[in-house]
Amino acid sequence: MSWLDQITWTDDGLVPVIAQEWQSNDVLMFAWMNREALALTAQRGEAVYWSRSRGRLWHKGEESGHVQRVHEIRIDCDADVVLLKVEQLGHQPGIACHTGRHSCFFQLLKDGAWQSVEPVLKDPSSIYK
């Protein structure tokens, strides 16, 4: 049995993936992978995801230059979630979110309202052309 066969895939053939910064342990983003994306990620050492909105493979950083170098690939106890320990690279290292922030998890629930608690490191309009 292949290591890919040991993953518990959804009915759509996907697995949820959390990208975590390998040095700080900050959670950077959540995404999905299909079998091909996970195999390519392991082969290339860079994160490749499945974009559900585009219906295609998405090499992280293909447009922005903010590539994720993969240091470790882990699965949880049920083999139904993948954890990537990554180094977030790019023209301005540390940007993982398409909003120009370090993490996609920049909104904090406080007093019944969502508040942005991380700064924009680079204007997204200058990242995506």
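Placed from the backbone N, Cα and C atoms, the Cβ positions cover glycine too.
What Swiss-Prot records for ASP76, ASP78, ASP80 is Mg(2+) binding site. Per Swiss-Prot, the feature Zn(2+) binding site maps to CYS77, CYS97, CYS104; the stated evidence is sequence analysis.
In sequence order, THR8, ILE75, CYS77, ALA79, VAL81 are the residues of the same chain, not among ASP76, ASP78, ASP80, whose CB sits within 8 A of the CB centroid for the Mg(2+) site. According to its DSSP assignment, CYS104 (Zn(2+) binding site) is coil. In this structure the alpha carbons, written CA, of CYS104 (Zn(2+) binding site) and ASP80 (Mg(2+) binding site) are 21 Å apart. In this structure, ASP80 (Mg(2+) binding site) belongs to neither helix nor strand by DSSP; it is coil.
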